[in-house]
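Novice: According to Swiss-Prot, the protein has these features:
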{"type": "BINDING", "residues": "12-18, 40-42, 305, 331-333, 413-415", "note": "GTP binding site"}
{"type": "BINDING", "residues": "13, 14, 15, 16, 38, 39, 40, 41, 133, 147, 224, 239, 303", "note": "IMP binding site"}
{"type": "BINDING", "residues": "13, 40", "note": "Mg(2+) binding site"}
{"type": "ACT_SITE", "residues": "13", "note": "active site, proton acceptor"}
{"type": "ACT_SITE", "residues": "41", "note": "active site, proton donor"}
{"type": "BINDING", "residues": "299, 300, 301, 302, 303, 304, 305", "note": "substrate binding site"}
């Protein structure tokens with residue numbers, strides 16, 4: 001089938017955008033299936049001969065290909081003002097998205113009051129806050145699950161929308177007290193936004209099935225990552241949607257048999273943003289080195305990312321659930337200067353190995369992490385263009401990961417530039 005899926009395999013920020021950008025050069029439709037504008041992909045591409053940096057949050061980053069159509073699927077939650085702010089910013093930089101960006105009529109809506117509530121919930125949690133982006137994503141998905149949310153199609157029946165919207169806000173007042181919010185002003189604002197949004201709205205299920213059955217190449221761009229999945233991540237320090245291969249099917253309305261390839265994106269070390277367990281975290285000079293050399297600051301929030309060694313327990317868990325056909329190992333160049341590199345291989349409790357990745361966070365907080373130490377290569381790989389030219393120890397690191405996961409690494413990121421990606425031919 002003509003559907004390729006790119007998914008994050010750790011806690012997000014793996015660098016999915018660059019691979020999507022490369023693959024999007026040869027595809028017809030780039031689709032998002034879950035999440036909202038809490039995601040963050042940065043892509044550097046030439047526009048009219050000038051390198052430009054584009055920050056994507058809600059919109060599919062495959063739009064950098066001027067021949068590619070973007071689709072925001074029904075599994076997303078959409079803050080309409082942010083949708084237009086991002087679209088306007090891209091077009092101001094010279095990226096014309098006219099007649100090639102569409103949004104599902106079934107996608108749920110995020111409102112400003114969701115963002116206010118998101119902040120109030122974090123304050124309420126105090127020292128146990130999750131560390132959300134405060135974009136209102138969680139409260140919007142909560143409304144969806146409780147069947148009280150509003151969807152894109154509701155915008156086009158203004159009287160019904162206004163009635164439902166007032167009830168939604170009143171419900172939040174009852175839960176959180178009366179916070180400052182102009183309900184009637186918002187209703188009027190969305191009346192105008194609805195008319196601007198109308199040309200972008202489609203039946204996304206019919207749209208994507210027509211694309212697939214007519215032979216178009218479809219690329220699905222996953223947001224966040226497996227370890228932030230609502231079911232399989234480090235709950236409750238997770239996002240509020242399905243970030244797995246299953247979320248692709250439910251968020252776009254396509255069956256599993258239509259998916260041809262699933263590519264997992266793996267950072268050469270591990271990072272995460274916000275609270276939650278992180279067994280391989282390095283609160284030492286190594287952690288600082290990875291943070292500084294890797295420029296580990298969030299695209300969406302600007303927050304510093306926590307850093308640690310590559311964790312194979314996490315990746316085995318991720319690979320079992322998503323069934324990767326191949327991997328993209330990113331930011332390998334960040335390890336260039338290190339004389340030795342550690343990889344987390346097992347979690348132990350009282351000397352006994354845990355069989356999988358534990359659901360119990362108290363248990364997870366008390367695991368002993370077993371590491372394997374590999375020799376570094378201590379030379380720059382940034383200008384290398386073929387796999388054979390990589391240093392032997394670098395290839396050894398790659399092979400160790402492949403052998404441990406039984407999944408081939410097909411793409412290797414060797415620098416921040418768009419061209420800094422080495423393709424390794426897979427054995428048939």
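Backbone N, Cα and C define each Cβ position, glycine as well.
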Novice: To the nearest whole angstrom, state the Cα distance for the pair residue 303 (IMP binding site) and residue 15 (GTP binding site).
Specialist: 16
Novice: Do you know offhand how many angstrom separate residue 302 (substrate binding site) and residue 414 (GTP binding site) by C-alpha?
Specialist: 23
Novice: Using residue 18 (GTP binding site) as the reference point, find which of the recorded positions 38, 40, 41, 224, 305 has the shortest Cα-to-Cα distance to it.
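Specialist: For residue 18 (GTP binding site), the spatially nearest of the recorded positions is 41.
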Novice: Check the DSSP secondary structure of residue 18 (GTP binding site), expressed as helix, strand or coil.
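Specialist: Helix, per DSSP.
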Novice: Which of 12, 15, 40, 302 has the fewest nearby Cβ atoms, counting only those within 10 Å, among these binding-site residues?
Specialist: 302
Novice: Could you give the Cα-Cα distance between residue 15 (GTP binding site) and residue 41 (active site, proton donor), in whole Å?
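Specialist: Cα-Cα, rounded: 7 Å.
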Novice: Do me a favour and check the Cα-Cα span between residue 13 (IMP binding site) and residue 305 (substrate binding site); whole Å is fine.
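Specialist: Distance (Cα to Cα, whole Å): 9 Å.
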Novice: Across all chains shown, how many C-beta atoms besides its own are within 10 angstroms of the C-beta of residue 305 (substrate binding site)?
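Specialist: Taking every protein chain into account, the count is 22.
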Novice: Over all shown protein chains, what is the count of other CB atoms within 10 A of the CB belonging to residue 303 (IMP binding site)?
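Specialist: A 10 Å sphere around the Cβ of residue 303 (IMP binding site) contains 13 other Cβ atoms.
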